[in-house]
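**Q** As annotated in Swiss-Prot:
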MOD_RES   2  N-acetylglycine
DOMAIN    4-186  domain 'Guanylate kinase-like'
BINDING   14, 15, 16, 17, 18, 19, 171, 172  ATP binding site
BINDING   37-51  substrate binding site
ACT_SITE  44  active site
ACT_SITE  137  active site
ACT_SITE  148  active site
């Protein structure tokens, strides 16, 4: 049957990736493990180091990237983000399906590795809905909002590239989007349960 493949979730900020991911990890906590990314940005209120992100300095992160310790990394809004090999190995060491939350640049980088994950893109029903969601967060300035929306538009265009994603989920209703996500991962969930992660 083979061991379960990792899962790469991508999609614009505000599309609902984190919410879907939280639901998946809550419902199947012994099957899925989240690969915690590194970032050089400051923590937002309520974020914990080692749980939401590993918050590191630019110097440390650049040194580790140069040493080849990262599967993928990207720069956004002046901050570095990336997935370290150690973070993925830590999840796999617990016999869990590793879930990575990465941007499109990250997806392209992972395509060059031997990770062979399932690629899933989560997108909002429209850019208007996305703008509404981002405004409700109250964490964006007008400038950063415009940047995020421009990036989202570009991502949504690129996601149509043949062969880039195995599945595109349009998150117009959380329940429907979550059902589609679980459906897409049902084979991997079965494999994981068969190898004794129940």
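The backbone N, Cα and C atoms fix where each Cβ goes, and this holds for glycine too.
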**Q** What's the number of neighbouring CB atoms sitting within 10 A of the CB on residue 18 (ATP binding site)?
**A** 16
**Q** List the Cα distance (Å, whole number) between residue 44 (active site) and residue 137 (active site).
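**A** Spelling it out, the Cα of residue 44 (active site) and the Cα of residue 137 (active site) are 11 Å apart.
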**Q** In Å, rounded, how far does the Cα of residue 137 (active site) sit from the Cα of residue 37 (substrate binding site)?
**A** 21
**Q** I'd like the number of other C-beta atoms within 10 A of the C-beta of residue 41 (substrate binding site), please.
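**A** Here the count is 14.
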**Q** Please identify, from the binding-site residues 14, 43, 45, the residue with the sparsest Cβ neighbourhood, meaning fewest other Cβ atoms within 10 angstroms.
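**A** Among the binding-site residues 14, 43, 45, the lowest count of other Cβ atoms within 10 Å belongs to 45.
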**Q** Which entry in the list of binding-site residues, 19, 37, 39, 49, has its Cβ near the fewest other Cβ atoms, using 10 Å as the limit?
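**A** Each of the binding-site residues 19, 37, 39, 49 was scored by Cβ atoms within 10 Å; lowest is 49.
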**Q** Cα-Cα, whole number of Å: residue 37 (substrate binding site) versus residue 18 (ATP binding site)?
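**A** Given the Cα positions, residue 37 (substrate binding site) is 13 Å from residue 18 (ATP binding site).
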**Q** Helix, strand or coil at residue 41 (substrate binding site), per DSSP?
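**A** DSSP assigns residue 41 (substrate binding site) to coil.
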**Q** Who sits close to residue 172 (ATP binding site): which same-chain residues at least 6 apart have their Cβ under 8 Å from its Cβ?
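**A** Set apart from residue 172 (ATP binding site) by at least 6 residues yet with Cβ under 8 Å, we have 124, 125, 129.
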**Q** By CA-CA distance, flag whichever of 43, 47, 51, 148 among the recorded positions is nearest to residue 14 (ATP binding site).
**A** 148
**Q** Please list residues from the chain of residue 148 (active site) whose Cβ is under 8 angstroms from its Cβ, counting only those at least six apart in sequence.
**A** 12, 13, 14, 134, 140
**Q** Going by Cα-Cα distance, pick out whichever of the binding-site residues 15, 16, 18, 19, 171 is nearest to residue 39 (substrate binding site).
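**A** For residue 39 (substrate binding site), the closest Cα among 15, 16, 18, 19, 171 is found at 18.
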